[in-house]
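Asks: Pasting the relevant annotations from Swiss-Prot:
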BINDING   Q162, K336, R365, S366, K387  (2R)-2-phosphoglycerate binding site
ACT_SITE  E204  active site, proton donor
BINDING   D241, E284, D311  Mg(2+) binding site
ACT_SITE  K336  active site, proton acceptor
Amino acid sequence: MIFIEDIFADEVLDSRGNPTVRATVTLSDGSRASAIVPSGASTGVNEALELRDGGERYLGKGVLKACENVNTLIANELIGMSPYDQAEIDNIMLELDGTENKSKLGANAILGVSMAVARAAANSLDLPLFRYLGGANALVLPTPMLNIINGGAHADNDVDLQEYMIMPTGFDDFAEALRASSEVYHTLKKLLVADGHNTALGDEGGFAPNFKNNEEPIEYIIKAIEKAGYKPGEEITIALDAASSEFYKDGKYVLAGENKTLSAEELVDYYAYLCGKYPIVSIEDGVAEEDWEGWKILTDKLGDKIQLVGDDLFVTNKKILQKGIELGVANAILIKPNQIGTVSETMQTVRLAQRNNYKTVMSHRSGESEDAFIADFAVALNCGEIKTGAPARGERNAKYNRLLEIARSIAGAEYIGKDLF
C-alpha cells in the first residue's frame, strides 16, 4: 500500500512579497508534490482564518507558526495514511483543528497540505491533477474573467469598484478566447497611454490609473474591444466585481471617487443603469456581505438578466450558500479554496451550487504564486468560469498557461462561453 511518508512546510513569498505556506508531501513510492497557499486583500468576515505570526518579522505577516503546525501536529496525524482518501485526510485535519474558522492550525496550514496531498496522489497514479480530482467527466474549459482595470482594494487609485473584467464569451475554444483577451488588454494599454494615463499595474495585473468616475473604465474597455477588432456584447462581454463590502459604511454605500452616498436600492438602480448601457453580463459582490436585504433587492431586480456572483457573501462555505439558496439571493458563487480551507470542502460547496443551478466561478486571490492548482481544479469540477487576473504577471499567466496545456490534452474539450449567458 502506498502511504504518506513525509509532510513538510516552509515559508515562501507570494506575488505581493508577503510570506505564505508551501507544503510538500512525499509518498512511499517516491512521488512528491508541493502546493503554495494564496492570500486575499479584500476578505469576507466569515472566511477561514490565515494564521500569521505577528511581531516585527515580516511586519507581523510571517507564517512560521502555520508551518510548524504542518511539520508537527498535522504530519504526526497524516504520515502513514493513504494519499488517495482525500476526504478522510481533510476530515482528520478539521478534527485536529477543532474550530469553526480553522484558527487553531490556520487555514493556510491545512489548505497547503490538502492541495499537496491531492497533487502527490495524482502524480503517484501518473494522472494530471484535473483528471484525478474530476474523473472522466472533467471536460469543460472555463471561460476566463480577465481583470484588466483594477480599483478598490486592489489598486491605489480613486476608483471605487474593485475589478473591471472582460469575458471572451463569443469563441469556440479556450486558446482563441485567451488570444482575443490578450489583444484587448494590450490595446487598452495603448489607449490609456495615448490619453496620458498611468499604466502601472494593480495586484492582479490590470491597469490602475485614476478615472473621473466609476463608469469611465467601462468606456475605455469598450473602445479597446472595438479597436482590437472585436464586437462588444457578442464576442467579448464585461463583468464587474464591486467588492462593495469595502465601501459599505453604516448601512450606506459610500462611493468616495464620485462623492456619493447611496442606499442599497439606489446602488442597485445604478447597476441597472450600467447594465442597460453596456454589455455587462456579471456583477460580483454588488452589495455588502452582511446586507442580505440588499442582496434580495439586487437579485429581484437583476437576477433574471445577469449573473450575480457571491464572493464575500458566501466565502465558499456550503452552510452560507445553503442560506443564500433558501433566501433566493445571487445566482452564482465564487470558489476560492483558501476561503474554506480544504480541497474536499471546496468540492462539496461546488456540488451544492451546481445541484441548485448556481453557476460556479473558480478564483485566484490577489496574493498569488506560480502554483496553478486552481486551473486544474476548475476543469476537474466543470466550473464554467475562472477568475485569475489579467494576462500579465507570471503568477496570473501560470494559470492561463496551464489551462492552455489542459485544453490541448483533452480530446473533446468543451469551451462553453457562448452558452453561459
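Backbone N, Cα and C atoms are what each Cβ position is placed from, and that goes for glycine too.
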Asks: Among E204, D241, E284, D311, these being the recorded positions, pick the one whose CA is nearest to that of S366 ((2R)-2-phosphoglycerate binding site).
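Replies: Sorting the recorded positions by distance from S366 ((2R)-2-phosphoglycerate binding site), the top entry is E204.
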Asks: Cα distance, K387 ((2R)-2-phosphoglycerate binding site) to E284 (Mg(2+) binding site), nearest Å?
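Replies: Each residue's Cα considered, E284 (Mg(2+) binding site) and K387 ((2R)-2-phosphoglycerate binding site) end up 11 Å apart.
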Asks: By a simple count of other Cβ atoms within 10 Å, which of Q162, S366, the binding-site residues in the record, is least packed?
Replies: S366
Asks: Checking the contact step here: among the binding-site residues Q162, D241, K336, R365, which have a Cα within 10 Å of the Cα of the residue listed as 'active site, proton donor'?
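Replies: Cα within 10 Å of the residue listed as 'active site, proton donor': R365.
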Asks: Please list, in sequence order, every residue of the chain apart from D241, E284, D311 whose Cβ lies within 8 Å of the Cβ centroid of the Mg(2+) site.
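Replies: Everything else in range on the chain: Q162, E163, L240, A242, A243, I283, D285, V309, G310, D312, L334, K387.
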Asks: Which whole-number value in Å describes the distance between the Cα atoms of Q162 ((2R)-2-phosphoglycerate binding site) and D241 (Mg(2+) binding site)?
Replies: 6
Asks: Given the binding-site residues K336, R365, K387, find the one whose Cα is closest in space to the Cα of D241 (Mg(2+) binding site).
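Replies: Nearest in space to D241 (Mg(2+) binding site), counting only the binding-site residues, is K387.
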Asks: Based on Cα coordinates, which of the following binding-site residues are within 10 Å of D311 (Mg(2+) binding site): K336, R365, K387?
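Replies: For D311 (Mg(2+) binding site), the binding-site residues whose Cα atoms are within 10 Å come to K336.
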Asks: I'd like to know which of the binding-site residues K336, K387 has the most other Cβ atoms within 10 Å of its Cβ.
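Replies: Most Cβ neighbours within 10 Å: K387.
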